[in-house]
């Protein structure tokens, strides 16, 4: 597509990846391949375990199953292409493929934010209002909360895609990352980026900040309720129901906030890349491990399932 002033719209982008050193590329390929396999097995295993274990048919594990699906999907959007690029001389991605990555990744990213917020609210009701928990967290309400999370994610994905469609790329087409991130694409654009910046900042403020606020308020109330329990055993049992989720929330929001909110001058390109790796590749792998290793109910359900088979 040709624009004024002999400007030709880019039809593909080049991803810089991590390094041009062949030995390092092979090492990173093996490391990320292992990470991806653990991510796939861990998240699919968690989904199957939750579906096949009646003792895990509760709101918390219903939300966890959806979180595992989102982690599995978001990792699959990013990692296979990255693995191919490690063993390819040409690290290119078409414009359509880049649009698809932006749409799906931003859809799933905000969906995960809201699922984590929903899980924090679930723990708040369980700890602070246990008598009304079955009513508040009924199957119908849980389904509505999950669908709402996906719809908010869909809104974000569509918004970012619309913002990208208004951009022209007539100069450099080198993306200084291993996948198509909307903020990197905005910096490459040769057209007016006002709309894209507005959409990016609005979604970060409206969706990201609101989900973080729900998590913070929920855990302030949870911690206050736990501290008011007189017995040490009661405190331990109440807090044990929240530790896995709190660990997951800390890793996800910590990595995402560092990725998107830190000043660009505060770190090198290598530090930026590894921060993105933590957010996009490592976190989806860690979530099922955290819930399986730190959760007695999950470990017990797995033991029962193995004994039955």
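The backbone N, Cα and C atoms fix where each Cβ goes, glycine too.
Remember, it's a predicted structure, so these values are computed and weren't measured experimentally.
The feature transmembrane segment is assigned by TrEMBL to 28-49 (among others).
The domain 'G-protein coupled receptors family 1 profile' feature in TrEMBL is assigned to 42-291.
Positions annotated as transmembrane segment by TrEMBL: 61-79 (among others). Through the fold, the transmembrane segment (61-79) approaches residues 32, 35-36, 39-40, 42-44, 46-47, 50-51, 101, 104-105, 108-109, 111-112, 115-116, 118-119, 122, 142, 145-146, 149, 178-179, 248, 280-281, 283-285, 287-288, 291, 297 of its own chain, all at least 6 residues removed from its boundaries and within a Cβ separation under 8 Å.
Feature annotation from TrEMBL assigns transmembrane segment to 99-121 (among others).
Beyond its flanks by at least six residues, the transmembrane segment (167-186) meets 3, 7-10, 12-18, 77-78, 81-82, 85, 93, 95, 97-99, 101-102, 105-106, 160, 193, 196-197, 200, 260, 269, 273, 276, 280 of its own chain at Cβ-Cβ distances under 8 Å. Annotated transmembrane segment per TrEMBL: 167-186 (among others), in sequence order.
Annotated transmembrane segment per TrEMBL: 206-227 (among others), in sequence order.
Among the features that TrEMBL reports, transmembrane segment is placed at 239-261 (among others).
The transmembrane segment feature in TrEMBL is assigned to 273-293 (among others). Beyond its flanks by at least six residues, the transmembrane segment (273-293) meets 18, 32, 35-36, 38-39, 42-43, 45-46, 64, 67-68, 71-72, 74-75, 78-79, 82, 105, 177-179, 181, 244, 247-248, 251-252, 255-256, 258-259, 262, 267, 299, 302 of its own chain at Cβ-Cβ distances under 8 Å.
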